[in-house]
Amino acid sequence: MSKTIIKNIGKIVSGDIKSPVLQADTIVVEDGLIAAIGGEELMKDAGDATIIDAAGSTVTPGLLDTHVHVSGGDYAPRQKTMDFISSALHGGVTTMISAGSPHFPGRPKDAAGTKALAITLSKSYYNARPAGVKVHGGAVILEKGLTEEDFIEMKKEGVWIVGEVGLGTIKNPEDAAPMVEWAHKHGFKVQMHTGGTSIPGSSTVTADDVIKTKPDVVSHINGGPTAISVQEVDRIMDETDFAMEIVQCGNPKIADYVARRAAEKGQLGRVIFGNDAPSGTGLIPLGILRNMCQIASMSDIDPEVAVCMATGNSTAVYGLNTGVIAPGKEADLIIMDTPLGSVAEDAMGAIAAGDIPGISVVLIDGEAVVTKSRNTPPAKRAAKIL
């Protein structure tokens, strides 16, 4: 049995928006899962465990990027960039959710081809995780000709996500709604493009389209990159219970509006964070951290709640056993602190001030995969593996 203990933690941010902060300073990990959370008494049974001294800094769940356009491996054809997933890991991202693979060279746009591509990419990312990141690839793009039997086959082969509705030849609610119903019947999670056209061949999607189609996730409610109006945002927020995704590669003004209005309505649990990259905007390795900083510093949202938007809110939508610090959850964790030179005293203070926190350690399934981030500024107090 492998065992890791993180001790001397200054603050634990749980990722659970109902209880964002845990009163504890020690986390025990066994065989890749969180086994216990408590105080120094947990060190009594340390045995030959690997000990990580957090040096008084903050531990959060590993971050989720709920909007990634992966195309196979750790390569982004749209921007001709290698190792973007590895770079995101150094920004604290331990799980990625595909929103479809529209940049795949020669992407097939028929039913057989889109199904085959989804199955291939899903299996490939589960077979080989780039840099250890948990990539849920192979989100199927809806194309004309798909049948209910296709969804049954895809689910059997491991595909469980429908990429942004509107990226393929299925564009209007009349065509999309029956496929979404099949997808839900067979256990898929469904995303839907929202806002202006993003790539040639995609479509503009309104609040009315979203309401009629009934996805699980309103993809980039703040635009990808062109946003719907605040009136359309209000309709989605008031007339549905769908998850609302704020992305880094979108409209910051609408992101602020969504966060503030969700807070007013007591609906911050519906807000999740993605990057919407690779895209024409580019690649932003620290995009999820930037979302957290933006929403906390500019929209008056508590930084601990902003962390939940990047972690537990997302895993609740997608049904994943990570993103929350609790016994039995996968031990995907970040140790972070205020960066050198910040006005803040700790990581949450830095996020509230708009400063990117410094990451000193990232763990996936309890194994340290980053021991000093190459992309964040240096942490004032760096964790050490003893």
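Every residue, even glycine, has its Cβ placed from backbone N, Cα and C.
For the Zn(2+) site, Swiss-Prot gives HIS67, HIS69, ASP276; the one candidate out of GLU157, GLU164, GLU367 that the record lists there too is GLU164. The Fe cation site recorded in Swiss-Prot comprises GLU164, HIS220 together with one of HIS136, HIS186, HIS193, namely HIS193. For the pair HIS193 (Fe cation binding site) and ASP276 (Zn(2+) binding site), the C-alpha distance works out to 11 angstrom. Take the binding-site residues HIS67, HIS220: by the count of other Cβ atoms within 10 Å of each Cβ, the lowest one is HIS67.
Classification of ASP276 (Zn(2+) binding site) by DSSP places it in coil, neither helical nor stranded. Each residue contributes its Cα atom, and for HIS67 (Zn(2+) binding site) and HIS220 (Fe cation binding site) those atoms are 8 Å apart. Same-chain residues that are not part of HIS67, HIS69, GLU164, ASP276 yet have a Cβ within 8 Å of the Cβ center of the Zn(2+) site turn out to be VAL68, ALA99, GLY100, GLY163, GLN191, SER219, HIS220, GLY224, VAL247, GLY274, ASN275, ALA277, SER279.
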